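Right, I'll just put the structure down here and ask away after.
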Amino acid sequence: MGLEWSSPGERQPLLYPGGPRAPRVFGRRWLVLLLFSLLAFLQGLVWNSWGPIQNSARTAYNFSGLDIALLVLWGPIGFLPCFLFMWLMDNRGLRVTVLLTALLMVLGAGLRCVPVQDLAVRRKLIHGGQLLNGFAGPTVMNAAPFLSTTWFSPDERATATAIASMLSYLGGACAFLVGPLVVPAPNSTSGLLLYSGSVGAIRDRIEAVMYAEFGIIFVVFAAILAYFPSRPPVPPSVAAASRRLSYRTSILRLLSNVRFLLIVLAYAIPLGFYAGWSGVLDLILTPVHVTQVDAGWVGFWSIVGGCVVGIAVGRFADSIRGVLKPILLLLFSGAALSSTWFTLTFLSNVTHLPLTTATLYTSCILIGVFLSGTVPIFFEMFVETVYPIPEGITCGVVTFLSNLFMGVLLLFLTLYQTNLSWLNWCLTGSCFLSLLFIACFRESYDRLYLDVFVSV
C-alpha cells in the first residue's frame, strides 16, 4: 500500500550500499570556505553600493529617487532565476554553480566601469551591472548549508554555515563604510571639492570605487577557476554521504510541508523587510537630519554586530546541539523590542523618547545584531526540518521568498517616497509576527539524528 504513495526516489535506501567509509575532514575545506565567503562578501558589497551614497549618486549621475530604489531592487529581482541555480547546484555541484556566479559578478562589475560620457547610457550600464550582480545572489545566499554539509563535520557545520552566510551581510555593511568615506557628499565644503569641482570630484571617487571592486572580483574569480572542487574525496559525515531526494520531489515535499512553510515565513518576512529597510537606511534617516556619513556608520555597525553575533551563535549551536528554537526565540525577542524602540523614537512628539544620535545608533545596531544573528540558525533549522531534501533546494526556496518580500517592500517604496516612517512599522510588525510563528513551530533534528546514531 505504502509504495503507491511514494516516488521511486523516496523508496531508495537513504545510505549508499557498499563497504564502510569512515567520515573524514580535509584541511582544504577552509580554503573552499574562504573563497566562497569572499565571493559572498563582494556580492553584498556591490549590491549595497548605491544606497549609502544616494545623495552623491544623484549629483554625479542625475539619478532620481526611483533610480536609487531600483538599484537596490535589482538584488531581489536577481532571484527570479533562483530555481535554475538550485537545479544547477543539485545536479552539477558546487564548482560549476560558483564559477557561473563569479562570472556573472565579473561581467556585472565590468559593465559598471565602461567609460561612457553620455550619462543616460552610463545609468543604463550601471543598472545592467547591478542586475547581473543580483543574479549572483541565489548562490551566495543559498549555498552556505550545502557547502557546510559537503565539507565540514557535524560539530563544525553551524559555524561554517554562519561564516559563509554572514559574509554577504558583512559585504553590505562595508558598503555603508566604504561609500560615504571614499565618496564625498554633495554638500561638502572640503578643499578637494572646492579645488576639483563638486560633480567631477564625486564622479571620480565613485568610479574609483567601482574600478577597485571590479579588480578584486576578477582576482577572486581567477582563484575559484584555479581551485574550487565540488566535494572532498571522502564525505565528512554520514549525512553528507547519504542519498537525497530528486529536484522535483524535493520541491513538492517542501511546498506541502506545513511546518517548513511556517518557519520559512518566520524567516522570509522580517529578514526580507530588514534587507530592504537597511538598503535605504540613508533615506529613512535623512528627515531627522542624519548625514550620509553618520547613516553609513549606523548601517555598518548594525550589520557588523549581527555578523559577529551570528558566527558566535553558530559556534554555540555546534557546541550544544538541539537548541535552535530557543536561540531564535531569544534573538527575535530582542529584535522586536529594538525595532519598536527605533520606530517610536521617530514619534518623539508623541512618545517623548529622545531622538539623538546615540539612540539611533543603539537601536539600529541592536536591530542588526538580533536579526542578522538569526540567519545561520534559521538555515540550520531549515535543513534539519526537511532532511533528506538537498540543502541547496531548501535554502533556495527560503531565500527566494525572502527576496520576494524585500522586492514587495521596495516596490511600494518606488510608489510612495514622501514619508518613509511606514518602513519602520513594517519592520517592527514583521518581527512580532515572526516571534509568534517561531513559538508555534515544532522543531525536529532529522539530519543530526542520522549523524549521531547511524554509523557508516
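Cβ coordinates are placed from backbone N, Cα and C, and glycine is handled just like the others.
Fair warning: this is a prediction, and the values are worked out from it, not measured in the lab.
Below, the features straight out of Swiss-Prot:
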CARBOHYD  Asn62  N-linked glycosylation site
CARBOHYD  Asn187  N-linked glycosylation site
CARBOHYD  Asn349  N-linked glycosylation site
CARBOHYD  Asn419  N-linked glycosylation site
TOPO_DOM  1-29  topological domain 'Cytoplasmic'
TOPO_DOM  51-67  topological domain 'Lumenal'
TOPO_DOM  89-95  topological domain 'Cytoplasmic'
TOPO_DOM  117-131  topological domain 'Lumenal'
TOPO_DOM  153-162  topological domain 'Cytoplasmic'
TOPO_DOM  184-207  topological domain 'Lumenal'
TOPO_DOM  229-259  topological domain 'Cytoplasmic'
TOPO_DOM  281-292  topological domain 'Lumenal'
TOPO_DOM  314-326  topological domain 'Cytoplasmic'
TOPO_DOM  384-392  topological domain 'Cytoplasmic'
TOPO_DOM  414-420  topological domain 'Lumenal'
TOPO_DOM  442-456  topological domain 'Cytoplasmic'
TRANSMEM  30-50  transmembrane segment
TRANSMEM  68-88  transmembrane segment
TRANSMEM  96-116  transmembrane segment
TRANSMEM  132-152  transmembrane segment
TRANSMEM  163-183  transmembrane segment
TRANSMEM  208-228  transmembrane segment
TRANSMEM  260-280  transmembrane segment
TRANSMEM  293-313  transmembrane segment
TRANSMEM  327-347  transmembrane segment
TRANSMEM  363-383  transmembrane segment
TRANSMEM  393-413  transmembrane segment
TRANSMEM  421-441  transmembrane segment
Which residue, out of the glycosylation sites Asn62, Asn419, shows the minimum number of other Cβ atoms inside 10 Å of its Cβ in this structure?
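Taking Asn62, Asn419 as the glycosylation sites, the minimal 10 Å Cβ count falls on Asn419.
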With contact taken as 3 or more Cβ pairs under 8 angstroms (pairs 6 or more apart in sequence), are the transmembrane segment (208-228) and the transmembrane segment (293-313) in contact?
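Between the transmembrane segment (208-228) and the transmembrane segment (293-313), contact is absent.
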Using Cβ atoms and a strict cutoff of less than 8 Å, what residues sit near the transmembrane segment (132-152) while being 6 or more residues removed from its termini?
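The answer is 25-26, 29, 32-33, 36, 39-40, 43-44, 46-47, 74-79, 81-82, 85-86, 89, 94, 97-98, 100-102, 104-105, 107-109, 111, 158-161, 164-165, 168, 230-232, 235-237, 239-240, 376, 379-380, 382-383, 390-392, 394-396, 398-400, 403, 447.
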Would you identify the secondary structure of Asn419 (N-linked glycosylation site) according to DSSP, in three states?
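Note: Asn419 (N-linked glycosylation site) is coil by DSSP, not helix or strand.
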Among 96-116, 260-280, 363-383, 393-413, 421-441, which stretch has the most Cβ pairs under 8 Å to the transmembrane segment (68-88)?
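Comparing 96-116, 260-280, 363-383, 393-413, 421-441 against the transmembrane segment (68-88), the winner is 393-413.
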Is it true that the transmembrane segment (293-313) and the transmembrane segment (393-413) have 3 or more Cβ pairs under 8 Å, skipping pairs fewer than 6 apart in sequence?
no
At an 8 Å Cβ cut-off, counting only pairs 6 or more apart in sequence, do the transmembrane segment (363-383) and the transmembrane segment (163-183) clear the bar of 3 or more pairs?
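Contact between the transmembrane segment (163-183) and the transmembrane segment (363-383): present, because at least 3 Cβ pairs are under 8 Å.
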With pairs fewer than 6 apart in sequence excluded, do the transmembrane segment (421-441) and the transmembrane segment (30-50) have three or more C-beta pairs that lie under 8 Å?
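No; fewer than 3 Cβ pairs under 8 Å.
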In whole Å, how far does the CA atom of Asn419 (N-linked glycosylation site) lie from that of Asn62 (N-linked glycosylation site)?
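Their Cα atoms are separated by 22 Å.
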Go through the chain and flag residues at least 6 beyond the ends of the topological domain 'Cytoplasmic' (314-326) whose CB is under 8 A from any CB in it; none is fine as an answer.
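Cβ under 8 Å, 6 or more out: 155-159, 161-163, 376-377, 380-381, 384, 438, 441, 443, 445, 448.
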Can you tell me which parts of the same chain pack against the topological domain 'Lumenal' (281-292), counting only residues 6+ beyond its ends and a CB-CB cutoff under 8 A?
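For the topological domain 'Lumenal' (281-292), the sequence-distant neighbours (Cβ-Cβ under 8 Å, at least 6 residues beyond its ends) are 51-56, 65, 68, 176, 180, 185, 298-299, 346, 355, 357, 360, 364, 417, 420, 423-424.
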With DSSP, how much of the topological domain 'Lumenal' (281-292) is helix, how much strand and how much coil, in residues?
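So the topological domain 'Lumenal' (281-292) is made up of 9 helix, 0 strand, 3 coil.
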Given a Cβ distance threshold of under 8 angstroms, which distant residues of the chain, six or more beyond its ends, lie next to the topological domain 'Cytoplasmic' (89-95)?
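For the topological domain 'Cytoplasmic' (89-95), the list is 139, 142-143, 146-147, 150, 228-231, 244, 247, 250, 390, 392-393, 396.
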Under DSSP, is Asn62 (N-linked glycosylation site) part of a helix or a strand, or is it coil?
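The three-state answer is coil.
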Per DSSP, what is the residue tally for the topological domain 'Cytoplasmic' (229-259) in helix, strand and coil?
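Residue counts for the topological domain 'Cytoplasmic' (229-259) by secondary structure: 15 helix, 1 strand, 15 coil.
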